[in-house]
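Have a look at the structure below before the remarks.
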Amino acid sequence: MSKCAGIVLAGGMSSRFGEPKALVGWKESTFIEHIVKVMESAVQEIVVISHTDIKERVEQLVQVPVIEDMSHYKGNGPLAGIVSGMEYIDSDWYIIMPCDAPNVSNEWITILLEQTSNEYDAVVPIINGRKQPLLAAYHNRVKEKIYALLQEEKRSMGQLLSQCNVKYIAGEDVQANVDWFINVNTKEEYVQAQKDLSNE
């Protein structure tokens, strides 16, 4: 059976939100604690990629390793975070989750894992016609592709996907659970997510 690890991305600036999203309250804890807890039920190892400014606070909240982007790739967005996590944990597959998708379910991680196979480099959902590359699974062979992109100063997840053999998932499992894939980018979206939570 393939080994699978989790990489939680919490290295963004949260500029639209106005404060670090990883530390925002959610279900009697925080976004980052919630995402790690969801992942812990499905993967063997987890690492959190944190922004420098909040690393110590994140370390106090979660019981998994917390690291920053590798120094020479800092500031290069999600690709830098993903490859830093891949370097930290040696695994066959990596489940990527952002810290700002509070509705994500361990059921989704199970679906991702079921779809992985050696013929693919990545497994990515399509929600309402849009690819969601940060709620996806990547094989470790993708690491070299990321390095090549970063060396060319290319930071786009789309550029990575264009170089990969990707299995896209857009079936009923995904479309019936679009809430799993909602990102919270603004205070307004956060307020709405809390309302939706209280109405469940």
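Positions of Cβ are set from backbone N, Cα and C atoms, glycine also.
Here Swiss-Prot flags Leu9, Ala10, Gly11, Lys21, Asp69, Asp100 as GTP binding site. Asp69 (GTP binding site) falls outside any helix or strand according to DSSP and counts as coil.
Asp100 (GTP binding site) falls outside any helix or strand according to DSSP and counts as coil. Within 10 Å of the C-beta atom of Asp100 (GTP binding site) sit 26 other C-beta atoms, taking all shown protein chains into account. The Mg(2+) binding site annotation in Swiss-Prot covers Asp100 and is backed by sequence analysis.
Leu9 (GTP binding site) falls within a strand when secondary structure is assigned with DSSP. With a 10 A radius on its CB, Gly11 (GTP binding site) counts 26 other CB atoms from all the protein chains.
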